[in-house]
Structure formats: C-alpha cells, structure tokens
Amino acid sequence: MSNNAPGATNPMLYDPIPEGQGSTTKRNQFIAALGICMAAVSGGTALAWTSPVLAQIVPVNQSSTIVLERDGFQLTQDEGSWVGAFLAVGAFLGALPAGYLAEKIGRKYTTMSLALPYLISWALIIFANGAGMLYAGRLVIGIATGASCVVAPMFVSEIAETSIRGALGAFFQLHLTVGILFVYAVGSYTHWVTLSILCAIFPVLLIVAMFIVPESPVYLVKKGRRIDAGVALKWFWGPNADTQSALQTIQADLDAASGEAKVSDLFTNATNRAALFISLLLMFFQQFSGINAVIFYTAPIFQSAGSTMDPAVCSIVVGVVQVVMTLASSVLIDKAGRRILLLQSSAIMGSCLIVLGVYFKLQNDKVDVSNLGWLPLASVVLFIVSFSLGFGPIPWMMMGELCAPDIKGLASALAVMFNWTLVFLVTKSFGTMQELLGSDWTFWFFGAWMIVCTVYVFIKVPETKGKTNAQIQAILSGKK
C-alpha cells in the first residue's frame, strides 16, 4: 500500500486517540535506547581494549621490543602506541560517512550496518599475526566507533519524548562506560584473544536489537512517510500515544529548518553556527578536562595513597565508579538540568586537577607527603565522579539536542571528528607534556582549561531541559 492510499486499511493513518488527550508509556523507549546503545558498548570495548592487552605484553622491562604472548610476533614500543592511536584515526574517518548514511538510508539501518566493521575488526585482531593486522583491526574498529558516536546519540534523541530525552541521551555515555568496565573486568583475568572473542558478542547483539527497533519517526517524516512514522511512534510511545500532535511537532521542526543542509549552512546561518560552536566547545572541554591524564595516573595515585591494590583492580574500581555515576547522571539530567551538571563538573574537575598538581609539585620538591596520601586518591575519585555526572555524557547528548533536524547529521559528524582529533592529540602529546612540563604543570594546564570552561558554560550554554527542538532553536537565535 502506498503512503497516500486511503487509511481504512491502515488504522495508523487516522489516529483514534483524540488530539491532545493521549498518554505515553516509556518502556519501549528505554528498550530501544538499550538496543541502539549496543553500538556504544561495542565502542567502549574498543576504547578500553589496549589497557589490559598492553599489560599482557612481555617482557615489561626490556628496552624497545615487546612480544605478544600468542604466536610470538614482536612489536616495538612505538608500534604498541600506534595500536592505541589508530582507533582515534579510524574514529575521525568514520564520523562524516556515518552522518551522510544516517540521512540517506536512515538511522536504523546505519546503526545496524555498524556491526559489520566491528565484527571485521575483531576478526582481524583475533587472527592477527603481526603489527599490520593489529593496525588494520584498530583502524576499522575506530571507524565503527566514530560512526557510533554520530548515529547512536542522534537516533536516541529522535525517539525519546521530551520528558525523558535527557535520561535516554545519557545512555550513550553510560553504555560506553559499561563496555569499558567489561574490558577492565574480563581483560584483567583472560588472555587477550579470549577477550577479543568475547567483545565480538556486542555487535551481534546490536544486529538482533536493530531487527526489533523501528526507524526514527523524525527520519520517516522527513522522507514523507507519515504513516510509517505514526506506526513507529505507537511502538516507541505506546498504543495510546497522541501521534497526531507528535507528528505535527516533528513536521513543524522540519518545516522550520531549511531542507537538505549543505556544509555552508552550518556557518552562514547564525542559529546553526551557534549550535555547532557550542557542540564543538563542549567536545573540546570534555577532552581538555584531562580525563585521560587522570585515568592514566590512577594506579600510581592509588599506590601513593598507600594502597597495595593491584593496578587491574584499580582499573575495575574506576570503571565501576564511571558506570554508577553516569547512571546517576541519567537520573539527574532531566531533574537538575544540563547547565548545573556541566557547571559542577567543570568547577570540581578544575579544583581536583589543581590539587593533584600541588601534590605532585610537593612530591617532586622532596616534601614529605606521606600523611597526604588520601588527598590525591580523593581528588581522583571526585574527579571521575564529577566527569561522569557532567562532561562525560552531556556533550554527546546536547550535540543531538542543539542542532536543527536538517543539519543534525552533518553537525554531529563534524563534532565527533573534532572530538576524536582532540583524543588523538591529547593522548599522543600527554607523554611529551609530562617530560617537558612535569606532572604538576600538566595537571595545572588541564585545570586552567576547566576554569575557562566554567565561565563559558555559565555565559553561553543554554538550558535545554524540557524544551522542544523549535524552542531550543529560538533560544540559539536570540528569540527566547
């Protein structure tokens, strides 16, 4: 039946629910977000994979050559660092095609297609016989991870009703941390090949989930498929949902946009420019919070606090804290709002980084800090808690919220490419910064950026809690 055929044979064309009198159920929205975010779990496993795997490389203390336990092929220390860095290179390359595909074939099928590069990459890694196959596997898994960062937050933001959009928006970062925790927990006690095989389960679950989840109603309306969009809304929001009003809101948002977006529209239109600029700066501050530096230092800081905890257990503790606090963020985000969580995050992280810098400065100056061992430990835990409540999940979520429907795919792709460029730069330059500046000034460098961040969020970042896309666009254009 064509979409324009009489609706007598399709009960979804004329919604029996009187306009403005419907009621929604949230269960299927959470189920759908869980399924979509299997892409995020897959990305999390890719991100964390090098942590336990490089720890299994022997011998640890020999100069320039390291040997993978299985098959005895050798990697230099430099090759080992590239195994980690290739993920960021791939993520940069995967972002833009994902945004394009999401607009052409839809959010559902783009998300489903991500399982293929994930599975190919795990096969390359599992059967690797040298650095070349590991590089290829990490590059391909990077492409899938970068694409996931674009499509999954976009898809989730389009299926969620306004009252729970924040909670579901935090699902992406939450499931990223679940994937990271899985690798920390399993990778610490299994061979790296076994770990890689287990990680391949999540892309398979993604395929299964995408057979169940309908297409995004926003995409369907955009393509003129209003009947299909009504059917999808009934699945997501429940049989008693007022789909007439929902479809009108979606259509109004699309009508307010300028149709098919070009790259130039991001910069020539003031509202689009504001949305892109805020998205990019939130990504910048996320990476310049020094989160990677703090996680890198977790085990030494635990030891300096007098802890005899195994470094693997330290990693698991950090992983658990991230998961629990990101879950807390998903609960708080629609109650407290985005701005207050971002402000507490940047202010507290900045304070923790300054304290860590002071501690390492005292330690470097041979001051007795044995009775202050608890201070860096408390700073690290508080930093990770604060990051997980604010700058961990919210930049990904607001990227989907701030942009108009016509530019969402393109703007999200650019923001993700920018984010992964920063990941690459910060990760590769962190060691050099330590050598040139010392640990104290490295932490102070990131702390200074968090002070700038707090001022920027306070002045420029709008509150999007409980607002429709049209209302958000009006705020960005200055017509509050």
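Positions of Cβ are set from backbone N, Cα and C atoms, glycine also.
As recorded in TrEMBL, the features of this protein are as follows:
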TRANSMEM  30-49  transmembrane segment
DOMAIN    36-465  domain 'Major facilitator superfamily (MFS) profile'
TRANSMEM  82-102  transmembrane segment
TRANSMEM  114-133  transmembrane segment
TRANSMEM  139-156  transmembrane segment
TRANSMEM  168-186  transmembrane segment
TRANSMEM  192-213  transmembrane segment
TRANSMEM  274-297  transmembrane segment
TRANSMEM  309-333  transmembrane segment
TRANSMEM  340-360  transmembrane segment
TRANSMEM  372-397  transmembrane segment
TRANSMEM  409-429  transmembrane segment
TRANSMEM  441-459  transmembrane segment
Selected stretch (most C-beta pairs under 8 A with the transmembrane segment (30-49)) from 139-156, 168-186, 192-213, 274-297, 441-459: 168-186
Chain residues in Cβ proximity to the transmembrane segment (309-333) (below 8 Å; excluding those fewer than six residues from its ends, i.e. six or more beyond): 48, 51-52, 55, 166-171, 173-174, 177-178, 180-181, 184-185, 188-189, 295, 298-299, 302, 341, 381, 384-385, 387-390, 392-394, 397, 465
Candidate ranges 114-133, 168-186, 274-297, 340-360, 441-459 - greatest C-beta contact count to the transmembrane segment (192-213) (under 8 angstroms): 114-133
Average pLDDT across the domain 'Major facilitator superfamily (MFS) profile' (36-465), rounded to a whole number: 85
Contact between the transmembrane segment (274-297) and the transmembrane segment (139-156) (3 or more Cβ pairs under 8 Å, separation 6+): no
Positions whose Cβ lies under 8 angstroms from the transmembrane segment (168-186), at least six residues beyond its ends: 29-30, 33-34, 36-38, 40-49, 51-52, 149, 152-153, 156-157, 159-160, 195, 198-199, 202, 312, 315-316, 318-320, 322-323, 326-327, 329-330, 333, 388, 392-394, 396-398, 400-401
Tertiary contacts of the transmembrane segment (139-156) (same chain, 6+ residues out, Cβ under 8 Å): 32-33, 36-37, 39-40, 42-43, 46-47, 86-95, 97-99, 101-102, 107-108, 110-111, 114, 117-118, 120-122, 124-125, 168-169, 171-172, 216, 396-397, 399-400, 408-409, 412-413, 416-417, 419-420
Same-chain residues at least 6 beyond the ends of the transmembrane segment (114-133) whose Cβ lies under 8 Å from its Cβ atoms: 39, 42, 46, 71, 73, 75, 79, 82-83, 94, 98, 139-141, 143-144, 147-148, 151, 193, 196-197, 199-200, 202-204, 206-207, 210
